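Read the structure below first, then the notes.
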Amino acid sequence: MAASVKTPPPTIYPNPHFSKQPNLKGQNFTQITSRNNQFSLKKRHQNSLLNSSSSLTTDPNSYLNQLCIQNELNQAINFLNSVGKEPHIDIEEETFVSLVRLCEFKRASNEGSLIYSLLSTTQLSLRLGNALLSMFVRLGNLSEAWYVFGKMQERDVFSWNVLIGGYAKKGFFDEAIELYGRMLWLGGAGVRPDVYTFPCVLRASGGLSHWDRGKEIHAHVLRYGFESDIDVVNSLITMYVKCGDVENGRVVFDGMCKRDRISWNAIISGYFENGECLEGLRLFFLMRECCFHPDLMTMTSVISACEVVGEESLGRAVHGYVAKMEYGADESVHNSLIQMYSSFGRWEDAEKVFDRIECKDIVSWTSMISGYNNNGLAETAIETYKMMELEGVVPDDITIASVLSACASLGFLDIGVKLHELAEKTGLVRYLMVANALIDFYSKCKSIDKALEVFHQIPDKNVISWTSIILGLRINNRSFEALIYFRQMKISLNPNDVTLISVLSACARIGALMCGKEIHAHVLRSGLGLNGFLPNALLDMYVRCGRMVPAMNQFKTRKQDVASWNILLTGHAQRGQGELAIELFDKMMESKVNPDEITFIALLCSCSRSGMVTEGLQYFKSMKTEYSITPNLKHYACVVDLLGRAGKLDDAYEVIEKMPMKPDPPIWGALLNACRIHRRVDLGELAARQIFGMDNMSVGYYVLLCNLYSDSGKWDEVARLRKTMREMGLAIDPGCSWVEIKGTVHAFLSGDTFHPQIREITAVLRGFYEKMKAAGYNDPEKSSIDEIEESKSEVFCGHSERLAVGFALINTSPGMPIWVTKNLHMCESCHDMIKFISKVVRREISVRDAEHFHHFKEGICSCGDEGYGEYLEN
C-alpha cells in the first residue's frame, strides 16, 4: 500500500482522553523485549472492534486499535506486556502502525523504542516503515530512523522526504544533501523529488551557504516543474539570501506570479541579514501597499533594521504601528523595542517598554541589562541583574556575559567572581561567550593570571578568545607575553583586525619594530589596512617605536582623520618637539580637519616640554573661543604642568584654585612633579595631601614625593614615606627593558643574572664604569647602600636599560643604532652612563622610558639633560 506524497499523514485521533495510569518510566520494558519472538506480524484481513472483554485474547488487534483510538497508550503497552505471556499471539501490521502513530503523537520515546524492539527481527513493509520513520524523526532519534530506513524493503518519496527533512531540521545539512543525492540516483522508478523534498534540501543548502549546490537544486526545481509552487519558491528565496546572494533572491521574488506573507518575510529579512537594511525597509512599505499585513516575524525584523540604520524616528513610528496590532503585547516585540531604544541611547524609553511587560523572560531582562551597560550605566545594569535574581529568573550565557562586562568596566571583582562560580555550577562556563567574557573581566580587574587560567581551560578557542587574552596581557603590562601568544594563535587561526590592533599596541609598548612590520605586511597582503582603526594603529606603532620617517609614510598613504593627526602630534609631544608640533597643527588646520580634545592635550604637552609657555596658554584659551571645545580635567593638568615646569608654581596653583571643576589627583600630581623639579617642599606637601585624600594607593605619587624629599635632603621624611609604603603593601614594578635584535625581542629585568650572556654583558658594562671613573664621573656602578639611598630615583629606575644596551653592543655590528624601550623612568645615573657610551662607541642610542624619548648621540641627549627621572601619573 503506497502513500501519496501529497496526502497528509493519517489523522491523529481527536479529543484525547488521557488515562490516569501510572507513569511508565518505571516499567520494565526489557521483560517485554525479551519475549518479542513470541509475537508474529501478519497482514490485517478484517477490522472489527470487540464488544466484550471476554474476547480480548481472541482478538487482541481490535482491542489495541480501540485503545489507540482512545489515546490510551499506557493501557496498550500493559496489554502488550500481558499478551506476551500467551503463546501464538498474532499482532497485525496495521495494529503496530496505529501504536507507532500514537507514540509519535504523544512524543513517547521510550514506548516507541519498545514497540520497535518488538519488530527488530521483522522485515519492514512500506507502510510500517514510513510510520516508524516519521515517529523517530519526530522524536529526534535520527540514528534509529536511519536503521529503519535501511531495513525497509521498499521506499517511496515520503520515506526519503521524512529522513531528509529530519536531518535538515536537526542541522545535519551535509547529510541531508547527501541523502538527496542518493534519492536521485537510487530512489528507483516513481521516486522523484516533490514539493516536500525541495524546501528541506534548500534549507540545508542555505544552512551551509552552499551557493553552488543551491543553484544546482534550483535547476532541479525547474526540471521537475515546481517553479510555480509558492512553498518551493519561498525556500529558493531563503536559500539565496542565506548564501549571501540577495540579488538572485530578489530575481526569484520578482518572478513570482503569486506571493504570500512568507515570500515577503523571506526577501525582507534577507536584505536585513545581508546588511541592506534600507532596501529591506523599502520592501516593507511596498508589502503594506500590496495589502499584505506584516506579522510578528516581519515586525521584529523591521524593528531590528531601524536599530541598525539608526533611524530613531522610523523606529518610534514602527513602535506606534506595532502597538495597534494584535501581537503588540508579544514579548519578542517588546524585547526588540528594548534593544532598539537602547541602541539609540534612549534607555528611559527602553525602561518604559520593559515595565509594560507582564511576564518578563530571560531575553527581556538580558536586553535591559545589556542596554544599561552599553549606555554607560554599568551600576544600573548590575542592580537590574540583582532584581532579576530576586524574581527567580535563571540567567543564561548572554546574561552572564553582559553582567561580567558591566563588572569589568567598574572593576567589581567580587561580583564577577561570584558570577564565575555560578557559571561553573550551571555549566555556562562551557559557552565560549561566557569564557571570553571572563577573560576580559579578569584582565580589566588586573587579575591576568586568573584570565590565563580561564583561557587555558577553553577546549576550542576562537579568535575572540585569543584576542581577549592578548589584549589582557597588553593592558597588564605583559606585552612580551602578548607577542608570544599571538605567534601561537597564528598556528591555528587567522587574526582579525581587532587582534592585530591589540598586537600592534603590544609592539609599540616594547619597541618590537620587526613584529610590527610583519603585521603591516600582513595587513597589506590581506587588504585589511584600507579602512577602520588598523591604519592608525600602524601609525601609532611606528611613532611609539621612534620611527618617524616610516610613520610619515604611513600617514601620507591614506586620508588623514583627526586621530591620525593626533598620533603624530603626540609623537612630537613625547620628544619635546614643540615647534614641530605647532607646525603640524597649522598644517592640520590647512587640511580642514577639525581638532578635538586630544589634539589640544598633545599641543599643550608639546609646549610644556619645550618651555613654550606663552604659546601653550594661547592654545588653551583658543579652545573654547575658536574651536568650541570646553577644557576638561586633562587640559587643566597640562596647563598646570606647563606653568610648573617653567617655574611658575604659584601661577600653577592659582589655576587649580580657580578651576570650574574639582581637581583630580593627576592635576595635583602635575603640581607635585613641578615642585619636585624646583624643590618646592611646602607646596609639594600641600599637593600630596590633596592627592592622598582622593587616591592613596597609586604608587607613582609616593615616588614623586619621595624624590622631592630626597632631592631636598629631607632623609627622615624619605625613610618615613618608604616605611608607609611598605606597610600599605605598595610595591614598585620591577624595571624591565626590551631591545630588538635581528627581529627578536630580548627582555631584561632589573638585577637579571640568568641571561645566557650575562657574563659578557657585565664585562662590557664594567669596562665603561672604569672609563667613566677615569673621566671624572661619580662611580656609576655603585648601587644603593642603605634604606635612605634606596629612596632615590635610582630605585625607581632599576638600571635594566644598561643590560639592554650592553647586550645590543655585543650582538650588533659597530655603528648600528640601538633602540631600547623601558617600563620605568630613566634615572640620572643611567642617563649619564648612556650619554657616555654613545660618545665612546660613536653610536646613536635611543631609549624610550615611561614618559620621554631620549636620543643619545655623541654624548648629547635630545632632552637637553632635563626631565630624566621624572614621574607623572597619567
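Cβ from N, Cα, C; glycine included.
The domain 'DYW' annotation in TrEMBL covers 782-865. Summarised as a single figure, the pLDDT of the domain 'DYW' (782-865) averages 82.
Positions annotated as region 'Disordered' by TrEMBL: 1-24.
Note on the repeat 'PPR' (156-190): DSSP counts are 27 helix, 0 strand, 8 coil. Marked as repeat 'PPR' by TrEMBL: 156-190 (among others).
Across the range of the repeat 'PPR' (260-294), the DSSP-based residue counts are 26 helix, 0 strand, 9 coil. The repeat 'PPR' annotation in TrEMBL covers 260-294 (among others).
Here TrEMBL flags 330-360 (among others) as repeat 'PPR'. Residue counts for the repeat 'PPR' (330-360) by DSSP state, with H, G and I taken as helix and E and B as strand, are 23 helix, 0 strand, 8 coil.
Tertiary neighbourhood of the repeat 'PPR' (361-395): same-chain residues 331-332, 334-335, 338-339, 341-343, 345, 347, 350-351, 354, 402-403, 405-407, 409-410, 412, 415, 422, 426, 428, selected by CB-CB distance under 8 Å and a gap of 6+ residues from either end. Taken from TrEMBL, the feature repeat 'PPR' covers 361-395 (among others).
Using a Cβ-Cβ cut-off under 8 Å and counting only residues 6 or more beyond its ends in the same chain, the repeat 'PPR' (561-595) has close neighbours at 535-536, 539-540, 543-544, 548, 551-552, 555, 602-603, 605-607, 609-612, 615, 627, 629, 848, 851-853, 855, 862-863, 867. What TrEMBL lists as repeat 'PPR' is 561-595 (among others).
Long-range contacts of the repeat 'PPR' (596-626) within its own chain (CB-CB distance under 8 A, at least 6 residues past either end) are made by residues 562-563, 565-566, 569-570, 572-573, 576-582, 585, 588, 632, 634-635, 638-639, 641-643, 645-646, 648, 852, 867. Residues annotated as repeat 'PPR' in TrEMBL: 596-626 (among others).
The repeat 'PPR' annotation in TrEMBL covers 632-666 (among others). Mapped onto DSSP helix, strand and coil, the repeat 'PPR' (632-666) counts 24 helix, 0 strand, 11 coil.
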Structural state census, the repeat 'PPR' (561-595) (DSSP three-state): 26 helix, 0 strand, 9 coil
Counts by DSSP class (helix H/G/I, strand E/B, coil) across the domain 'DYW' (782-865): 30 helix, 16 strand, 38 coil
Cβ-Cβ under 8 Å with the repeat 'PPR' (330-360): same-chain residues at least 6 beyond its ends: 296, 299-300, 303-304, 306-307, 310, 312, 315, 319, 322, 367-368, 370-372, 374-375, 377, 391, 393
Counts of helix, strand and coil residues, the repeat 'PPR' (361-395), according to DSSP: 26 helix, 0 strand, 9 coil
Positions on the same chain near the repeat 'PPR' (156-190), where near means CB under 8 A and six or more residues out: 2-3, 5, 126, 129-130, 133-134, 136-137, 140, 142, 145-146, 149, 196-197, 200-201, 203-205, 207-208, 210, 213, 217
